[in-house]
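J.: What TrEMBL shows for this protein is this:
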| type | residues | note |
| --- | --- | --- |
| DOMAIN | 163-196 | domain 'Cadherin' |
| DOMAIN | 197-314 | domain 'Cadherin' |
| DOMAIN | 315-428 | domain 'Cadherin' |
| DOMAIN | 429-536 | domain 'Cadherin' |
| DOMAIN | 535-645 | domain 'Cadherin' |
| SIGNAL | 1-19 | signal peptide |
Amino acid sequence: MEMSIGILIAFLLSQVVHIGTQEEGEKGCVPGFQVKEYQVEFNRGFQKDHPLTQMLFDDCVGNEGMAFEVSHPDFQVDEEMNLVARRDVMDSGTVMFIHGVNEHAEDMAQVDIVGALPRSPQTLREILGLGQIQPYRSKRALFAPRMHVSENMEPPFPKVIGTLEVSVTDQNGKLVEGPVALLVDVNDQNDNRPIFKETRYAGEVLEGSPTGTVVMTMTAEDADDPRLQNAVLRYNIVRQSPDKPSPNMFYINPESGNIVTVISPTLLDRETLPTTQYELEIVAQDMKGRDVGLTGTSTATITITDKNDHAPEFTHSLFQANVDEGSTGVVVNLTVDDRDDPATGAWRAIYSIIKGDPTQSFEIQTNPDNNEGMLSLIKPLDYESLVFHTLLIKVENEDPLVPDVGYGSSSTATVHITILDVNEGPVFFPDPLQVTKMENVPLGSFVALLNATDPDVLQSQSIRFAVLRDPANWLSVNPVRGTVNTSANLDRESPYVQDNKYTAIFMATDNGSPPATGTGTLVIHLEDYNDNAPYVHPSVVRVCEDARDSVVIVGGRDKDIHPNTGPFKIELGKQPGLENTWKVSRVNNTHAQIMLLQNMKRANYQLPLVVTDSGLPPLSNSTEIKVQVCTCKKNRMDCSGAGSVRSNLILLLGLVLLSLLCL
């Protein structure tokens with residue numbers, strides 16, 4: 001009885017909801033019974049396992065896990081959703097209620113039995129057990145089934161789907177059971193297409209990869225209910241461009257979206273494929289990929305990347321070149337073919353000389369634009385020494401080759417280089433030529449003999465000499481013999497002499513066709529001759545008019561060098577009486593002290609001195625220095641009032657006589 005009451009109440013609720021939601025079926029699948037009321041004929045009862053009618057129930061996702069409950073205990077719904085009797089039934093009553101439910105849908109249906117007699121009790125009050133007052137009754141399990149409302153309902157709005165409070169009261173209105181909650185589910189419609197996160201995807205796969213290698217993963221999203229098939233996606237490749245060598249080079253896992261290779265590793269060869277990029281059009285479809293599902297589209301671009309499976313090969317096994325002797329630079333460009341991807345380490349070439357260059361006169365650099373090897377001479381070659389050179393060249397890639405590929409004979413080449421004879425200029429030996437000479441030697445004195453030879457030993461050629469650079473014009477050269485003589489005095493103290501060395505450059509020219517020249521340097525180390533008299537420095541000194549404070553220091557200087565310079569001897573001039581006013585005394589090898597012996601008026605005086613060097617023979621120089629006699633007070637020297645009185649010989653003698661008379 002309790003089960004019948006619950007099913008009946010649930011049916012009444014479903015009818016209220018159904019009144020407000022019949023329009024939903026017009027738009028799409030509405031989960032639940034597709035027919036709410038059924039009729040069957042009562043023909044003197046129902047036989048066991050004989051179908052009365054088929055229940056039309058659809059949860060819109062496949063009806064998995066369906067369970068049905070019938071209000072009459074002698075009836076059930078079998079696996080094919082047929083309503084059948086569990087046994088032979090004569091007392092079926094006039095109505096039954098069917099409750100269907102799974103995780104996706106829940107609904108009620110009514111079955112009317114035409115021609116059957118009512119079961120007892122017959123009234124609703126009796127069915128609910130309200131016909132008499134009972135001191136006690138067990139609690140019934142009131143049941144309010146979920147209501148289902150489809151999304152995207154069409155106008156007009158609002159739509160009443162009904163509200164209940166379900167409870168049971170006795171004859172006196174006392175609450176016996178309830179109320180129960182009423183749950184309304186909004187059923188999802190498949191109204192959202194799958195959307196890829198990106199309109200274009202990019203992936204890479206290495207050439208020669210095994211079949212089944214994962215290239216990339218495509219991912220789309222669907223905004224519908226993820227619990228329903230509305231959001232269950234399946235992926236498919238609908239187009240591959242280009243479609244060579246096979247239209248099915250790739251496969252996409254329908255559920256995960258992983259794109260994998262189908263083509264064999266042998267055919268997945270970057271160098272033989274018609275292109276290195278393939279474009280796939282990917283479709284994602286909901287409803288598990290069924291035809292009624294909605295779709296979304298994206299593009300996947302797959303690049304076949306290169307591996308170093310091709311060794312570089314020379315385009316020729318032999319290269320030849322001619323080069324002038326004595327020259328440097330690029331001799332020949334070596335060309336190679338490499339089928340790997342340009343501008344990668346699998347394509348870029350590295351060249352090396354493995355034989356034929358014992359003096360390391362050659363080098364090879366790779367041209368980054370065309371991968372050619374530029375064979376260059378970095379040391380000049382001599383025709384007279386060796387005419388023919390043979391080099392063995394090897395080429396490799398920056399990246400190592402794959403294990404099953406090696407470098408063959410085509411990865412080496414031979415280069416024949418022929419040296420062409422060129423008329424070379426004469427060569428001086430030694431260069432520079434260094435000699436030592438005394439300065440001031442007589443004009444026409446022999447200085448040096450130039451030596452130059454012609455490298456072209458296979459030719460008979462003569463050589464003539466000439467002066468190319470002679471800064472002071474001191475030298476001349478015999479054009480045939482190469483003898484160098486003086487044409488002017490050699491002066492060690494000349495500004496053209498640096499660090500006692502004079503440098504001149506000479507030229508030698510052969511009579512070849514065309515003539516060739518060579519240059520050589522002559523360095524003359526000049527020895528000093530005592531030809532410069534010494535002098536006193538400074539040339540102007542100041543003393544105080546008070547003889548007690550009148551002391552100055554002067555020094556000797558000489559343009560010559562040791563031993564023709566100091567020690568210097570500095571002394572007073574030979575004029576009589578100077579020794580009574582001035583005193584000169586030696587301080588060291590180069591300096592002397594001048595002292596005023598008596599007070600003198602403030603004025604300027606010219607003091608004669610004699611300075612002598614230590615050369616052999618020694619040179620002396622009679623000179624004068626200017627002595628300013630100044631007023632000195634409190635460590636200050638005032639020379640502003642000094643007159644321009646010249647301390648000539650007469651004035652000095654007068655001062656001496658005056659001093660003698662005063663004694």
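Cβ coordinates come from backbone N, Cα and C, glycine included.
Because TrEMBL annotations are produced automatically, they should be read as predictions rather than curated entries.
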J.: For a three-state summary based on DSSP, what are the helix, strand and coil counts in the domain 'Cadherin' (429-536)?
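T.: Computed counts for the domain 'Cadherin' (429-536) are 0 helix, 50 strand, 58 coil.
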J.: Give the residue counts of the domain 'Cadherin' (197-314) per reduced DSSP state, in the order helix, strand, coil.
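T.: Going by DSSP assignments, the domain 'Cadherin' (197-314) contains 6 helix, 50 strand, 62 coil.
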J.: Please count the residues of the domain 'Cadherin' (315-428) that DSSP assigns to helix (H, G, I), strand (E, B) and coil.
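T.: Summed over the domain 'Cadherin' (315-428), the classes give 3 helix, 53 strand, 58 coil.
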